[in-house]
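I have placed the structure first, in the form of structure tokens, so that the comments after it can refer back to it.
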């Protein structure tokens, strides 16, 4: 990747790319289920995720996404208004190039704008790549259930 990605709110025109990446991130769900959830989000019918950000290359290629919510609690977070990274994905060809960090920074900006002072996430215990990505983005591991907290 030659330059920084543009990170912006997901749009209807991003549906196919978002669907493809969601199917990769969460293969236990069917692509039809993901497609239905995307349609519900874009129509404003769901509360979670509260926001979806997409990273795109200068040529418009989708590089990753972040799905965000605000929760009343997350592991080791006590503010009562915690931004939560519900889903975070970067396409394999764009990994280790700053795309994931760019998504997290944009998510932090979104969270601060909603009054959040903490940002949390989680991952499976066996997902060492995700753990490394969270740590590289500034999160601190706070529990062995692989929950993360990041002050904003």
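Including glycine, each Cβ sits where the backbone N, Cα and C put it.
The domain 'N-acetyltransferase' annotation in Swiss-Prot covers 5-152.
Annotation for residue 86 (substrate binding site): spatial neighbours 48, 49, 67, 68, 69, criterion Cβ-Cβ under 8 Å with sequence separation of six or more. A strand conformation is recorded for residue 86 (substrate binding site) in the three-state DSSP classification. Summarising the annotation, Swiss-Prot assigns substrate binding site to 26, 73, 86, 122 and lists similarity to another entry as the type of evidence.
Among the features that Swiss-Prot reports, acetyl-CoA binding site is placed at 127. Annotation note: residue 127 (acetyl-CoA binding site) sits in a coil segment as assigned by DSSP.
Cα-Cα distance from residue 26 (substrate binding site) to residue 127 (acetyl-CoA binding site): 13 Å (rounded to the nearest whole number). Under DSSP, residue 26 (substrate binding site) is assigned to coil, being neither helix nor strand in the three-state scheme. Between the C-alpha atoms of residue 127 (acetyl-CoA binding site) and residue 73 (substrate binding site), the distance comes to 23 Å. For the domain 'N-acetyltransferase' (5-152), the model's average pLDDT works out to 94.
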